Amino acid sequence: MVQPPPERPGATPPTAPPHDVGPRPDTRHAQPGQAPAPAAGLAYHRLALADPRHRWWSPLVEIPLAGAVYLALSFALGLVWFAAHAGDPASARIELGPSGYPVELFTRPGIFLMTFLGIIVMLPAVLVGRLVMGPRPIGLILSAAGRVRWGWLTRCTGLAVTVFVAAQAVMMLLPVEQAETGAAQAGLPQTVWNGGTSLAILVMILLLVPVQCATEEVVFRGLPMQTLGRWLRHPAWAILLPVPVFVLGHGYDPWGQASVGVLAVVAGWLTWRTGGLEAAIGLHAANNVIGLGLGLIGWADPTASAGGAPGDLVVAVVVDGLYALLVVRLARRRNLPRLRMPPMTTPMAPPPTRFDPIPESRRNP
């Protein structure tokens, strides 16, 4: 039987190159003689660090670039609007109410379309900024998976719609003081429906408003959270600091803005807790679609700048809080991944040691 040649002292037989089987240990804070701690995953607000080419100063270029693209797209959208009304310049005028929303939002489909397209164009502007400055993949602004988790988004949206519809049903059963009589009455308010005009706006509510909500979540939640997460480690900074900007973007009275603030805090916390924007988009979309739908048929006034009450804030806390609890429970049951492993550099293999199959004793007979 042929025996394998003996190994030369000090020689290492050829082996397969080593493989990375998991996160590399974190040696930055390890003391001499102390085993390094295993690398932890990156939460949503820290996902920019998943790109090994990220730079701390990138947002200082990314955000102005996105703003410039947004202004250009808004200008182009305005040109299209005025060109479409060239024959009747007076019809191109859009009158804004005290809350900043058009007063003809539910009576002129063209104004409804322009109002929400004017928000939606912020999405490509932010994506252009990300495409130029990183981090990569660009989908990191959506979730730790680097993309929209469509199944999770669908479940969150369905859950949010269920919670909001149930809340609206309960509130409609409660007695409400009527302004005309001063008496407390319960039941459905008078319905308003303007035929084809209302139908066209209803279609846009169902198609455009979810995209508008996703846009606002990317712009007012995803972008600032991941920008702050480059510089500040604790998630509280990324969740709370963007809230005032989101609140001031809505022209409501103090109680209405407080309710918006509750939604912003819950959406930010869910984004961090679930590792993506899907739960926040579901909450935002259900709130806006149902609110605008009720406004279309005259059951509510989602654009009112006054008339808020402490009860509105209580409802927001209960409804948004219940949704958050249900989402977290669902995420745990589904074992939803919420972290992304940090970048790993494959260690360079040592140079191979020459293996001589001829024993030393046979070289010089």
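Backbone N, Cα and C atoms are what each Cβ position is placed from, and that goes for glycine too.
What TrEMBL says about this one:
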COMPBIAS  1-17  compositional bias 'Pro residues'
COMPBIAS  344-354  compositional bias 'Pro residues'
DOMAIN    201-290  domain 'CAAX prenyl protease 2/Lysostaphin resistance protein A-like'
REGION    1-37  region 'Disordered'
REGION    341-365  region 'Disordered'
TRANSMEM  63-84  transmembrane segment
TRANSMEM  111-132  transmembrane segment
TRANSMEM  152-171  transmembrane segment
TRANSMEM  191-211  transmembrane segment
TRANSMEM  231-249  transmembrane segment
TRANSMEM  255-272  transmembrane segment
TRANSMEM  279-300  transmembrane segment
TRANSMEM  312-331  transmembrane segment
* With a Cβ cut-off under 8 Å, give me the same-chain residues at least six positions beyond the ends of the transmembrane segment (191-211) that come close to it. => 106-109, 112-113, 116-117, 120, 123, 157, 281, 285, 288-289, 292-293, 296-299
* Asked: Cβ pairs under 8 Å with the transmembrane segment (255-272): which stretch of 63-84, 111-132, 152-171, 279-300 has the most?
  -> 279-300
* Asked: Sequence-remote contacts (6 or more beyond its ends) of the transmembrane segment (152-171), Cβ cut-off under 8 Å?
  -> 210, 274, 276, 278-279, 281-283, 285-287, 289-290, 294, 315, 318-319, 322-323, 326-327, 330, 334, 336
* To do: Give me the mean pLDDT over the domain 'CAAX prenyl protease 2/Lysostaphin resistance protein A-like' (201-290), rounded to a whole number.
  => 96
* Which residues, given as numbers and ranges, are at least 6 beyond the ends of the transmembrane segment (111-132) yet have a Cβ under 8 Å from it? -> 61-63, 65-67, 69-70, 73-74, 77, 81, 94, 101-102, 104-105, 138, 141, 201, 204, 208-209, 211-212, 214-216, 218-219, 223
